[in-house]
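Reviewing the structure listed below.
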Amino acid sequence: MVAVIIKGNEVAEKKRAQLTEEVVKLKEQGIVPGLAVILVGEDPASRSYVKGKEKGCEQVGIYSELIEFPETITEERLLAEIDRLNGDDRINGILVQLPLPKHIEEKAIIERISPEKDVDGFHPISVGRMMTGQDTFLPCTPHGIVELVKETNLDISGKHVVVIGRSNIVGKPVGQLFLNENATVTYCHSKTQNMKELTKLADILIVAVGRPKMVTADYIKEGAVVIDVGVNRLETGKLCGDVDFDNVLDVAGYITPVPKGVGPMTITMLLHNTVESAKRAGVVCK
């Protein structure tokens, strides 16, 4: 049996086409969704991510604004900019590209963004709403992962989901989203003993640890859905995930590739959240 490849880029394109239609309808009502992205410093990876977000906005018809600051910006000045954007009716979503310089406290910056414009889903209020199953902006990568699993037509309810990784951005929230879908969730991390015994029980295995090709066929239950969140660059310059793709292909039922797996879904869910925020605000642009 060879696993079915879940092509995240194709799923993302399908969802972006739906978002484009929604944006057209909103614009007919005078509502233009707007996203502001704040970039601090000259980190090439951050700039590349921001470019992808701008391109996504342009594709679906969202107004986007890039606000750039030098690495020397003070925390106070950055907080003042967020306050300005919180009060700007043209902006439905505010995103601060992480990481930030060491002299700026990320927690203070994230908490300053209005929960109504927190399209990244990182604000403690958004996290609390997600934990309690309330309607909120879901974190983009975890939300994208759940959508990819749903593409397999597998009924998530009652399934055993194992998450390798416990970061605040992916590991912890993705487990909670599957719990909200009535799955049974197990977390594995660097201190977990007998990890393979646990992962072999997984109907759905999520891997987000940042270790190239860590997960091999002996981690996988036959027929499982395997979602590889890792993006690692090998010495050859080639990208690979946390899962040894070729090794696992004959055991898994479904698997995401790297690249063109989870990555395209992250920006797509950000666009989704921005459109949702515009719908909720319902502000007609003058």
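Numbering starts at 1 and runs along the chain as it is shown here.
Cβ from N, Cα, C; glycine included.
These numbers come from a predicted model, not from an experiment.
Annotation source Swiss-Prot lists NADP(+) binding site at G165, R166, S167, S190, V231, citing sequence analysis. Around the Cβ of S167 (NADP(+) binding site), the number of neighbouring Cβ atoms within 10 Å comes to 15.
A 10 Å cutoff on Cβ-Cβ distances gives V231 (NADP(+) binding site) a total of 16 other Cβ atoms nearby, all chains included. Of the listed binding-site residues G165, R166, S190, the Cβ environment within 10 Å is emptiest of other Cβ atoms at S190.
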